[in-house]
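Here is what TrEMBL records for this protein:
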type	residues	note
BINDING	B:Cys69, B:Cys72, B:Cys559	Ni(2+) binding site
BINDING	B:Cys72, B:Cys562	Fe cation binding site
BINDING	B:His565	Mg(2+) binding site
Amino acid sequence: MTRAEQEPGDRPQAPVDPEPVVHVLWLNGGLGCDGESVALTAATQPSIEEIVLGGLPGLPRIAMHWPFLDFECGPDSGADSFIEWWHKADRGELDPFVLVVEGSVPDETNKTEGYWCGFGTDPGTGQPVTTSEWLDRLAPKATAVLAVGTCAGYGGIHAMAGNPTGAMGVPDYLGWDWKSKDGIPIVVVPGCPVQPDNLSETILHLLYQVAGRAPAIDLDEALRPRWLFETTVHEGCDRAGYYEQDEFAERHGSPKCLVKLGCWGQVVKCNVPKRGWINGIGGCPNVGGICIACTMPGFPDKFMPFMEHPAGGNTPAPVRAVSGTAIRVLREIRVAR
Amino acid sequence: MSSDKPGLVEMTWDPITRIVGSLGIHTKIDWAQKRVVECYSTSSIFRGYSVFMKGKDPRDAHFITSRICGICGDNHATCSVYAQNMAYGVRPPHLAEWIINLGEAAEFMFDHNIFQENLVGVDYCEKMVRETNPGVLDLANRTEAPHAGEHGYRTIGDIMRSLNPLEGEFYREALQVSRHAREMFCLMEGRHVHPSTLYPGGVGTVATMQLFTDYLTRLMRYVEFMKKVVPMHDDLFDFVYTALPGYEEVGRRRVLLACWGGLNDPEHCDFTYRNMATWGRKMFITPGIVVDGKLVTTDLVDINLGMRILLGSSFYDDWEGMDRFVTHDELGNPVDARHPWNQHTIPKPGKRDFGDKYSWTMSPRWFDGTDHLPLDTGGGPLARLWTTALAGLVQTDYVKSTGHSVQITLPRTMTKPETTFEWRIPRWSNAIERNRARTYFQAYTAAMALHFSERALAEVRGGRTDTWSEFTVPDDAFSVGFTEAVRGGLSHHMVIKDGRIANYQPYPPTPWNASVRDSFGTPGPFEDAVQNTPIFEENSQENFKGIDIMRAIRSFDPCMPCGVHMTVGAGKTLTRIHTPHAFSGES
């Protein structure tokens, strides 16, 4: 995008600028839907234009190579070819760069020929370069690898039982203990799609880290940023009061707790009800949408069928049934006065 | 064949940026004639929804199919809910249908806005025009914008500068507008792009005065925005025709338009197949097929029965001779073996060979009794406005079909008076008219959303706040959902056996638009549209970007997760057809 123009040597007419550029290579060629790219354009804390234009203090200059919004669209091997940045990175000409992966990684070895997914054409063979081949080529050269969305993180929907592609997450492909040449583990921002600000905030932190202004990103056992994914949906859900009072929605459209209708919020790590979806608006169970656990490693198989009670009809509620009734009675007494 | 003439250059764009997903376009260009002579569109990603959905609980279908696409997933969720409603025999409360219409209207307002200004708009921005047609930019800087009073940009050059990525004022404003439109969407459907509050039988959204007030205030800001955007884009697109005589040929193809209709009227829609033709005609976007300017049908049953999925250049084994799930529809009409209800998806990965199989997209066609027509959606808006204009069926306070045009009336807003825009059927189905229609359709959905808001508020004020109807899943059923996704006609065909999904075939618009050469050898719409495209770019072969080809492709608003992959540059001069390169498959 815009700041790439200012890269030294990229365009002879540009003034020479000694400040280094962090390249962000966004690989959307996995088994995905581009929902993470689209989500990033919804972020406002910070927004993508604030990141790219350097609207926050201490950010390194970045050059974003992002299929979704990139200016460049020239032909292969020609003027303003977008894919050329990938070839440059492969030749070791871009340093530092952060590799963003969107979509899950198929098992290209489970068939005799062809490809499940590719990104760009190999100039030598005329065949697509598979996404896994790009990972093989670029991961060892990247400063950091950021897996965005539950597909890239853990396989996601496309790794559902019965899938033909053998889809898996980036940590499954590269190894859960994998570290970049700079010692940074794979960073996963799960979600289907990712909550917009969760993603832009993580990108911001990584850029500060690369610039030497922030400590190593704090990740949990599933490689998620800890500060975003340490609490459960239920802990941040404003319908938890109904749960406590033993008041459950029997029908959709009710403002009460959705657990009996299929909500998995009690066991799912995600901040959406607390944070909202966009500018504090929207969400999942807080606005009547059952949590289907889309941020979790076991998603979706372990949570289907979605529209059934997670515990098979047994809401564990021995204590609550008593205290919930008592609280309701007390409240009514106070109202009566 | 012209392709073995000297001077033919092979060029590839792969992946194409500023679209959704990975699309490759491979061409042969006659450099002397400045014309594209051959085009192959290829998709290099296969995920296999129809494969892994088999055997799953049908109630999971809308959650799963939403993930088909990261920009229009809610259209899939909606379409799936429609198909489930038919299968389960459930009719949601009216309020639930108004809420879904408001959500889907917000999706149109969001998606067309971000695509038009932040993805397509860049093709017409000052920086791009400077790099491809500097002569045109000089003229633009000297050309006063006819509607400057409405949009505030004095010259066409000023409009182009405002579209420059990130630095452009209007570019940044449009990004913000896309966020507010998504807020509207989330109010109704929970979250974007994969909804959380959609269910078969209705929605989980809690219908309060606050919900509709929060939506309506944002909607009126969007309405005011459209009063600026429609005249601004008219000025820009009209200028292109003037500055580059002959530009109507870019991306042009025969008028073969498909619209499956969208935005149901709950007063009429009972989700039965039996009555589908009747309630289909009551949709707020009229379904229909337009061939050479004539409206062939507005009947969703006809549309359904004419669907055929052909192979020919795709990485799948044929299902010829395999079990048919549905031999006759509910009205007793025979259902073809190549109809989505009877499709078996059998992936067969192979090498890409432009003389044989080269894409993961299939070749949907519509059989009119004689021909297998390669319909396109014109990116969505062109076909929607065209069918709706011809049919004369949509008559609301804000939107009226006249039989030859669509009149869109936007009421007074905070700083602007009431304004009426009229979209008239254009002379061509080409790149510029697809783009123009997109802008007009943004105004169309904003106007429709006003109607939906009023109807929803009437329900709430009347105390009818229920948003969900109970249902049971039958052991055996088959059904279909039809809607208009952002990019055009979307259908979901489902077959349930023993209470589980036996067959599920989603057909979004891009599989039609990005489809490949079928078993009859007929190219798909992208291929066909690009094969006719003349080159207006001023650059030499060394600096060539292929902007006219990119404009032709982007006018269709490609969305490859829903459906698919172009190559020039200094290029490579062909001396014979079979070179050891991508096109020959010999490499």
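The count begins at 1 with the first shown residue.
Placement of Cβ uses the backbone N, Cα and C atoms for every residue, glycine included.
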*Calculate the distance in Å between the alpha carbons (Cα) of B:Cys72 (Ni(2+) binding site) and B:Cys562 (Fe cation binding site), and round it to a whole number.*
9
*Same-chain residues at least 6 apart in sequence whose Cβ lies under 8 Å from B:Cys69 (Ni(2+) binding site)*: B:Val20, B:Asn75, B:His76, B:Val193, B:Pro508, B:Cys559, B:Pro561, B:Cys562
*Can you count the other CB atoms that lie within 10 A of the CB of B:Cys562 (Fe cation binding site)?*
32
*For B:Cys559 (Ni(2+) binding site), list the number of other Cβ atoms lying within 10 Å of its Cβ atom.*
33
_On the three-state reduction of DSSP, what should I expect for B:Cys69 (Ni(2+) binding site)?_
coil
*Kindly assign B:Cys559 (Ni(2+) binding site) to one of the three DSSP-derived states: helix, strand or coil.*
strand
